[in-house]
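As recorded in Swiss-Prot, the features of this protein are as follows:
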| type | residues | note |
| --- | --- | --- |
| BINDING | G149, E150, F151, R152, T153, G154, K155, S156 | ATP binding site |
| COMPBIAS | 12-25 | compositional bias 'Polar residues' |
| REGION | 1-25 | region 'Disordered' |
Amino acid sequence: MADTEVEMQVSAADTNNNENGQAQSNYEYDVNVQDEEDEAAAGPMPLQMLEGNGITASDIKKIHEAGYYTVESIAYTPKRQLLLIKGISEAKADKLLGEASKLVPMGFTTATEYHIRRSELITITTGSKQLDTLLQGGVETGSITELFGEFRTGKSQICHTLAVTCQLPIDMGGGEGKCLYIDTEGTFRPVRLLAVADRYGLNGEEVLDNVAYARAYNADHQLELLQQAANMMSESRFSLLVVDSCTALYRTDFSGRGELSARQMHLARFMRTLQRLADEFGIAVVITNQVVAQVDGISFNPDPKKPIGGNILAHSSTTRLSLRKGRGEQRICKIYDSPCLPESEAIFAINSDGVGDPKEIIAPV
């Protein structure tokens, strides 16, 4: 009789353990599913989500071949651009825009909700604490940051450092994503990435594998590379796009006042595409810009150099940073234009392991 009672108690305990184990398993499954759903909701939506309600797989293939890879890209595109796609009628374009607008929020929201979204934005560390403080956390994702200055002011060095720090975990000031690097001047050096990777304890080979590099040879090619970039970003997680330099090829491909209008129109299209990528994929876009001397007949001009690109570039960039040389390896960064950052300066240094803080600040002579 006693043995029977013991067996019944053991059996009941086993049943409870099985139920608890099953409940734990179900809980872990639910958490994993929720994490996957949250991750999917946070990223861009694939075109396949538009299929149905009169939109066929053939239509999806047509717009994909035309260079549209996400639902967001359809929602942000004017109707007349969709009509240029072969095989897309006006009725079909209306259908595409209607279905995309249901999935992508494009209406009004309260300032409170927008403030909450802004507070959740990821910033990517520059490698310098002083520079990060100036930028209130680092380079902002979802917007365009422009670096301009004369030669040897640290523009390319900041880009090289960011190409590594964007791969860091978010709690270390990174973006947990790959980098896409467009080089127009032939100044990209992978050995600099290895030095920065070693500084942060990252595997050098993995860091280089996570940087997609392309050399642009003319202004048209530079714009075409953004089309390839959109395709790559739709397939993998990128957190940074670098264009170094954004304007170098425009200065040589378009010469004289006779081509000024064509140059500015082409540059405006390029900058608009950059902003679309930032909006669509939530990446940080960093561009470098050159400067030109001002010859205006004024005998005294405290700042004789200005960034090129005119009003097109000035209005397209969200944050503009002016860089100038300091003493030794020190460089000075000034907020030139920003919708939210105060006009102030910070001193950083170019070290053997990338951009960092100066060991001691040397006052200029």
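Yeah, the Cβs are placed from backbone N, Cα and C, and that goes for glycine too.
Feature annotations (Swiss-Prot) mapped to structure.
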residue	record	contacts (Cβ under 8 Å, 6+ apart)
G149	ATP binding site	K155, V291, S322, L323, R324
E150	ATP binding site	Q290, V291, K305, R324, K325
F151	ATP binding site	none
R152	ATP binding site	K325
T153	ATP binding site	L323, R324, K325, R331
G154	ATP binding site	L323, R331, F348, I350, V355
S156	ATP binding site	T187, F188, D244, T288
